[in-house]
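Here is what TrEMBL records for this protein:
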| type | residues | note |
| --- | --- | --- |
| COMPBIAS | B:1-14 | compositional bias 'Low complexity' |
| REGION | B:1-21 | region 'Disordered' |
| REGION | B:468-496 | region 'Disordered' |
| TRANSMEM | B:31-48 | transmembrane segment |
| TRANSMEM | B:60-81 | transmembrane segment |
| TRANSMEM | B:88-107 | transmembrane segment |
| TRANSMEM | B:119-145 | transmembrane segment |
| TRANSMEM | B:157-175 | transmembrane segment |
| TRANSMEM | B:195-215 | transmembrane segment |
| TRANSMEM | B:236-253 | transmembrane segment |
| TRANSMEM | B:259-276 | transmembrane segment |
| TRANSMEM | B:283-301 | transmembrane segment |
| TRANSMEM | B:364-386 | transmembrane segment |
| TRANSMEM | B:406-427 | transmembrane segment |
| TRANSMEM | B:439-458 | transmembrane segment |
Amino acid sequence: MNAPLRRVGVVVMVLFGLLFANLNWIQAYKADEYRTSDYNGRVQVAEYDRKRGNIEAGGTALATSKETTGKLKFQRTYPGGAKYAQVLGYKPVNLADTGIERVENDFLAGTSDQLIGDRFKDMFTGDQTGGGNVLLTLSKRAQDVAYDQLRNNQVGAKRGAAIAIDPRTGAVQALVSMPSFDPNPLASHDTSQAAAAYNRLEQDPEGPLKNRALSETLPPGSTFKIVVAAAALENGITKTTQIPAGPSYTPPTSGEPIRNAAASICPEPQISLLDAVTESCNTGFAQLGVRLGANTIKEKARQFGFEQEDLTVGQLGEGGLPTAASRTGSIQNTDGGDDPAALAQSSIGQRDVRMTPLEGAMIAGAVAHNGSQMRPYLVRQLLAPDRTTSYYTAKARELRQPVSPQVASDLRDMMVSVVQNGTGKKAAISGYTVGGKTGTAQSAPDRPDHGWFIGFVLDKNKEPISAVCVMLEQAGPGGSAEAARIGGQIMRAAIADPGGR
Amino acid sequence: MTVAATPAPSPATTGEQSGVRLARSRRNAELSLLLLAMVLVAAYGATVEANLLDTVTPDFWMPAAALGAVFLGLHLVIRFLAPFADPALLPAVALLNGLGVGFLRRIDLGEAPVADRESLAVFAGIGGRQLAWTLASVILAAGLLAIMRDHRSVSRYAYTLGLAGIVLVMLPAVLPSSISEINGAKLWIRVGGFSLQPGEFAKLALLVFFAYYLVRKREVLSLASRRLLGIDFPRGRDLGPVVVVWLISLLVLVFEKDLGTSLLYFGMFVVTLYIATERVSWLLIGLVLFFGGAYLAYFLGSTVGGPFANFYVRAEIWLDPFADPTDKGYQLVQGLLALGTGGLFGAGPGGGQPEILPEVQNDFIFAGIGEEIGLFGLSALLVVYLLIVERGLRAALAVRDSFGKLLAGGLAFTLGLQVFVIVGGISKLIPLTGQTTPFLSAGGSSLMANWLLIAVLLRVSDGARRPVTGGGGKAARPAGGPPEQLHGAPTEVIKP
């Protein structure tokens, strides 16, 4: 029996050899991945030994850390609850972090290279200097109004978004996505409770975790007419040029006839460009688009910021909250030529055209700011833990120049006309010049329309103060008028409190 | 100690000579190794306190001292009752057991509120309970050594033990889930706050029966055969007991939802069968039956579900634990992350966060320890396990009777296989199954059963190294004497 016993000894050696080999393989090829995995709670636990810095706006702490007696020494809390959730994100113990909490994590946690001095000092003093503070551009008042108005919208929309930008700098004044969520349970130190809260939000069909203002793309409807009008103004058409209109228009090749939202809108065969924008004349813009050609429209949209995939909103440098790219979609036939039916529909913001609320606000902002589109940003300043030294201060940066000052001036006049005489009257603010454009976009035949409003407000010296975009998903009839009303309210708040920049 | 090093030991002729060489009991070597192990355990405890409390309390040595005292007691029992037992076994097991207690105490410290940590009592928490279990287990092991003066005497109770073993295996399966199920595996008997894993003891009982049965049947199993493709296959009717054990292990797999235990029983039986008959065909049949059965269970789990679904889910987790990292794959993922975080040298005892691991005191203790002692530390632990297993096999090689060979060989292999199943499971080498890590995991049943196993190995190794001509004097065989009915006992002729 000794021979098989020896062989069994060899088998045990082989089995243990496999264990050794496997453990070595884990350390050689997998250890880094495991160590830095999002599911690895250890990395974060070490962070809780140091007080995480505040995230603030307008002098109020929106995210702050409180000392606890537990194993994790600091509890992250969000006094604003759901109101700022999409901007701040959350910093959970065991789950992945999001929002500003994620993109500014190093600075808030105090592990950033910029704070190396504090870490060095701690080595000698034995203290644990906290993390740095992040100051946001948000206007508390505008954010309050945007959140409340969106939540209590009068058309009963369940999903939507609102964003307001300072057109002169690109500083974000308000950013709300509806429905929102309370980030506090997600930061709970009871990780199973946090995971349960997360799973509940994740499975919610209304998608509360989504940042719709930056990443939801929907057909923009008539708000896209501003882009088409800009293309027209650059191609020999003026505000007063008469363009073909009419009660209905069928594109040359085929397709459904395009009609206006109401029979009273531009039934006459010809209408000025100014009136076409003011009344939101579908037949006029469909024909205008077909005349200009798909490439002209696509190029203009691109110059306004469509198709940009890498735009982030945070600091004016690397990093920031990701955004979705707005798209014009394919307007071509299979042979590469224009598809007139698609072009006609695309020109009134339907078909495959998709826009984010952010892009809507950026279009309005560029029009208000003499054709100069500023890069949007949320982080105004990074402040040392002791609040004396500033490690970063935002310096506004132009992103692109979609239109010339002359074209911008014409577009401004048309948009002001929309609010004074047309579909956007509810956005008006007495004593200020408000311009805008509403949009009603069909989503699907059996679903209610989306309501849009993009707009801006100028002070008495024609200086822009705020540019907004409000989107109410599947709002149904009256959606765009309600969006205009909410847009006006947000701009009114931004006038009173323009936020930091 | 070096009996196997002598080429082809055939006790019948060279017994006298090797008897002279074996006369050294090496008990002092055992004592010094034991002291070394306890110093390591105390140092581990001190490091844990330094890392977790920022100070070493004046009482840091107390768990190590308590362990040391009871191990010293066992050492004395061995010195008098089994003077020629293998001197490496006790220190090696004591080291593992001591580190297990130390690690569990470290988990208690990590989970206690910071203010209460320094005042944590020696017998508090799971670490303290494990310490108490260790004391009880070691006393039990000493008792077994005292009662069982010759390992051959247990063969008299082989059938009783075999029956008891089967009852113990099947008991949790037939009991209602409310009593027997923990974390999806029906392996337990829970009465009040007290839980017992009868399967741990069944292992020992069944092995005694296997060894006895196979010694009696080995002739017929190894000689009557049919030759196919150059391999000798046994006759159909001789396959009976193998098939019965195979069925039992599959029943365990299906009804107790535990692949590990099933693999353990079956591997144990096939290997003892192979040792007894020296027929490779048994190994082949065993492997085919097991993998066939496992694949069938996997296949049925994916199509039929029902009792097989659990196995299917485990196999799926094994193939890709990160597919569902927060729910089904959670345990394995967290275990892998702990191993990965540990790196080569680990965070140091008390320096990591193993308490966030699920089941860190049981199945995942190896991963939890790994986070703090790293790849090098884990390798050292595996070497200690390997040492115990190989010393057990060495005792089997050296002992003169077939029953002792089968018993020691089977027990040693089973221990090694269990380590492989659980360590392989948590490191994603094989599908994870709920096995305890011998001597490390919290749990009285496992600890007690494994200490009894060590007692048997000590007894067999004592028999193996004891001089034939009765140099041990008063430690001569008990009145019962060698059971004469044992086939082929002391004068067995060893086959090449």
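Along the chain as shown, residues are numbered 1 onward.
Quick reminder: no glycine exception, Cβ is built from N, Cα and C everywhere.
TrEMBL annotations: computationally assigned, not manually curated.
Residues 56, 60-61, 63-65, 67-68, 71-72, 75, 87-88, 90-92, 94-95, 98-99, 101-103, 105-106, 109, 348-350 of the same chain lie 6+ residues outside the transmembrane segment (B:31-48) yet bring a C-beta within less than 8 angstroms of a C-beta in it. The list of residues near the transmembrane segment (B:195-215) in space but at least 6 beyond its ends in sequence, with Cβ under 8 angstroms from a Cβ of it, reads 154-155, 157-159, 161-162, 164-166, 168-169, 171-172, 182, 187-189, 221, 241, 252, 256, 261, 264-265, 268-269, 272-273, 276-277, 402-403, 406-407, 410-411, 414, 436, 443-446, 448-450, 452-453, 456, 486-488. Note on the transmembrane segment (B:157-175): residues 186-189, 198-199, 201-206, 208-213, 248, 251-252, 255-256, 265 of its chain, located 6 or more positions outside it, place their CB under 8 angstroms from a CB of the stretch. Beyond the transmembrane segment (B:364-386), the same-chain residues lying 6 or more positions past its ends with a Cβ under 8 Å from any Cβ of the stretch are 92, 95-96, 99-100, 103-104, 106-107, 331, 334-336, 338-339, 341-355, 357-358, 415-416, 419, 422-423, 426-427, 437-438, 440-442. Residues 30, 33-34, 36-38, 40-41, 44-45, 48, 52, 63-64, 67, 71, 74-75, 78, 120, 125-128, 130-131, 134, 349-350, 354-355, 360-361, 365, 368-369, 372, 381, 384-385, 387-388, 391-392, 438-442, 447, 451, 454, 457-458, 461 of the same chain, all 6+ positions outside the transmembrane segment (B:88-107), place their C-beta atoms under 8 angstroms from a C-beta of that stretch.
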